[in-house]
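Asker: Next up is a structure, given as structure tokens.
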Amino acid sequence: MIVEFIKYKVFGPRLYKEYGTQKLYEANTMERWGDQVLYTLNLCWNISMYASPIILMFAYKRNYFTNDGLPVIAKLGTGVATIVFLSFLLRGIGRAKNETYDKFVRVFQIVRSKSSGNSSTSQEEALRSVRKFDFDFSDFPIDFAAGPCELSKKDKASSRNTTAVSAPCRILAYLAIHTFGIKMIYPGSVKLIQSYLQPMLLQGRSKLIEEDGATRYKVKTCDDNEIDTIFIDNRGKTPNGTTLVLCSEGNAGFYEIGIMSTPIALKYSVLGWNHPGFYGSTGSPYPSQDKNAVFAVMEFALKQLKFDLNNIILHGWSIGAFATLNLAAKYDVKGVILDATFDDLLPLAIPRMPNSFSSIVRLAIRDYMNLHNSEMIKQYKGPVMMIRRTEDEIICTEEGVLASNRGNYLVLAFLKFRFPTLFESESQSKYALEILSMHLDKTIQDKASELLCEQLLESYFRENDKNYPVYIGESLEENDKNQLVLYLIKKHLLDYKSTHCTPLPTEYFNPDSLFDISKYK
């Protein structure tokens, strides 16, 4: 009894809600006080980690690291340890007296039990029962474990020639990216932000599970991170349900309050996940961990959820396009839809830092956070649609200037790779950027020009394979080339008059409208 009390009541997971009830889990006074003290101490610890240089300097100046100061530190440590012990004990006693927590623990014990006496049937029943509760995801059982990691080249683009001058910069770049840099690029991984958002995340997760019929899963990656994943299965329920939309969120996005809402409204089957280090997921959102996470989620979709590749659409928003395009480079999926994204992280990072730090920023990005979407998109051969926010305040390097939207350069790099002959002359690239500097609804292409472009493509594919790159345009007049450039831009890019974080309306999410060369006869 004492062992069970300590294991499941004192150190058991925090319970947030029992699904199907209107209200959140109500802790009694003893548990609430114990939890509040532990939460406050944990918050202070997180803040102290960020303020550690100041705290250490203060302690040093007050001589706390001398023989006279060490007893003070020892007394402080003993006092904190006593408070922690009493808080855990108080919480355990409170939970033992709570009927709802006791009900949760009974099914949680079965799931956590490693006894071989439990049949697979009883384990499945226990899993279904434990999914009726929302509790600390770190204690959630693993539902799927990915296979071993694939050997791959690191995402580094800078020169590795380390001179006496560059060595200090490289050291500073390493320290910067591994301390505050990764938090600036992925603010969703900051624990203080997660604590602030927790009520909204719980509310969003409850809506997905209670209203949309979602199921929450824990997926283990090849590098031992645990990824918080959620799935809505609409197969056999709606016409769109046979298609799975795998959603990858932005740098401060969570599946609970993110881009899943659009495909859910259209009744697709939807799979969402949180980046490593984000709420519910372990690890940190470095490129290698992020790729391993999304690869594990895709493996879960294929092997456990039993979806076919030709029924999977990849949907990435903002920085989530990096994970999306890494998947697209590996898997021949039905299509890719990218929203409010960019070609390369570096041009966005440099303007947001002081000029004197530009060389360090460049090294940090190229060596450790080289999110090169314009290179990754070249490795996917299927249909792609990009959505550009015309009032995007994040992806533009100059506020309010559409021409500075880095999505323009992703579109250009994409088209230049897929239609290299058309862009052999620099004039077509300049014309494309000129078009992309304007709102697309202000670029007029008459029906005759559209028909001409269709005929040119049909004629090409009657005589050539339907594969990329497409070598069309060599014998075309300058005006016809420009018309074809405009036509292709409009086939691969949609404008949405909005800022960066506005939810995408359903009319902009239409996988059936993707430009697909396989449809040409």
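Don't overthink the numbers, they just go from 1 along the chain as shown.
Keep in mind that glycine also has a Cβ here, set from the backbone N, Cα and C atoms.
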Asker: Kindly point out the range from 72-90, 167-185 that TrEMBL annotates with transmembrane segment.
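Answerer: In TrEMBL, residues 72-90 carry the label transmembrane segment.
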Asker: State the mean pLDDT for the domain 'Phosphatidylserine Lipase ABHD16 N-terminal' (10-136).
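Answerer: So the average pLDDT across the domain 'Phosphatidylserine Lipase ABHD16 N-terminal' (10-136) works out to 85.
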Asker: What does DSSP give as the helix, strand and coil breakdown of the domain 'Phosphatidylserine Lipase ABHD16 N-terminal' (10-136)?
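Answerer: When I sort the residues of the domain 'Phosphatidylserine Lipase ABHD16 N-terminal' (10-136) into the three classes, I find 85 helix, 7 strand, 35 coil.
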